[in-house]
Amino acid sequence: MGKTNQSSVTEFVLLGLSGYPELEAIYFVLVLFMYLVILPGNGVIIIVSVCDSHLHTPMYFFLSNLSFLDICYTSSSIPLFLSSFLTSKKTISFSGCGVQMFLSFAMGATECVLLSMMAFDRYVAICNPLRYPIIMSKNSYVPMAAGSWIAGAVNSMLQTSLAMRLPFCGDNVINHFTCEILAVLKLACADISINVISMVVANMIFLVIPVLFIFISYVFILSTILRIPSSEGRHKAFSTCSAHLTVVIIFYGTILFMYAKPKAKDSYGADKVQVTDKIISLFYGVVTPMLNPLIYSLRNKDVKAAVKNILCKVQSAF
């Protein structure tokens with residue numbers, strides 16, 4: 001399409017579940033409830049990891065980073081998502097869409113790398129326990145976490161700049177809850193092959209490589225655990241990495257299901273698939289951050305003890 005037929009898009013319309021008003025009220029209540037769980041749940045993890053000296057370890061440092069990441073990720077989209085249910089105006093400015101895309105992409109990429117760093121931490125703790133204090137010293141795990149954030153931000157800046165510099169020819173309706181990059185690219189009236197290639201490369205770096213790294217780490221971890229003679233020792237060793245493994249399965253399982261399932265060919269089936277995609281995206285964006293603090297704290301005696309200790313200090317102060 002020539003430049004004369006292009007119009008400047010200043011805002012986007014987020015379609016969400018507009019075609020399904022009966023579902024909007026249900027999802028508003030569910031998402032609001034989950035967001036009110038995400039903020040204090042992940043906030044508590046951060047507070048206890050900082051305030052309790054017993055939790056000043058690489059595992060809890062990574063965990064506090066993961067909790068902060070979940071708060072940032074959900075806060076970049078959920079408030080707008082909730083407000084769209086309360087008003088008929090379901091729009092977001094062009095610049096606001098770019099910011100939201102950058103934050104969601106950065107948080108997602110960072111979490112992929114961060115989960116692989118946590119897998120390496122568990123590998124060293126179980127397979128090389130005597131060298132753990134040396135390998136996972138503060139001079140090691142702080143740069144590892146910082147590198148995760150920097151890598152995610154750089155990748156997101158590249159993907160967002162490539163997407164937002166594309167021309168949009170008047171069609172500004174995004175068939176999604178948020179400015180999801182694939183939904184935005186569908187509105188472009190120019191060749192998006194560079195965007196596709198860059199996303200494929202990014203997916204290899206931030207999805208495939210971390211998954212392989214985590215898989216190999218757990219192969220060595222399970223091999224080491226199975227060689228422990230006592231059942232009590234095996235249970236204790238496995239319990240130290242079961243929470244991380246659960247989070248990895250939920251996080252990557254949702255991503256793989258969302259992007260690897262076959263597409264419907266007929267229009268009715270395609271419409272159902274689009275609604276399913278949105279619901280899965282909601283699960284990925286809200287349910288996973290809500291489950292993370294629950295998974296890491298429900299069976300974790302250290303976190304429970306730290307929370308109890310902080311509560312006692314607060315009560316004594318008043």
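Every residue number used here counts from 1 along the chain in the order it is shown.
The backbone N, Cα and C atoms fix where each Cβ goes, and this holds for glycine too.
Annotated in TrEMBL:
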- 41-296: domain 'G-protein coupled receptors family 1 profile' (DOMAIN)
- 25-48: transmembrane segment (TRANSMEM)
- 60-82: transmembrane segment (TRANSMEM)
- 102-120: transmembrane segment (TRANSMEM)
- 141-158: transmembrane segment (TRANSMEM)
- 204-226: transmembrane segment (TRANSMEM)
- 238-259: transmembrane segment (TRANSMEM)
- 279-298: transmembrane segment (TRANSMEM)
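Summarising model confidence by region, the domain 'G-protein coupled receptors family 1 profile' (41-296) averages a pLDDT of 85. Looking at which of 102-120, 141-158, 238-259, 279-298 has the most CB pairs under 8 Å to the transmembrane segment (204-226), the answer is the stretch 102-120. Within the same chain, the transmembrane segment (238-259) packs against the transmembrane segment (102-120): three or more Cβ pairs sit under 8 Å, each pair at least 6 residues apart.
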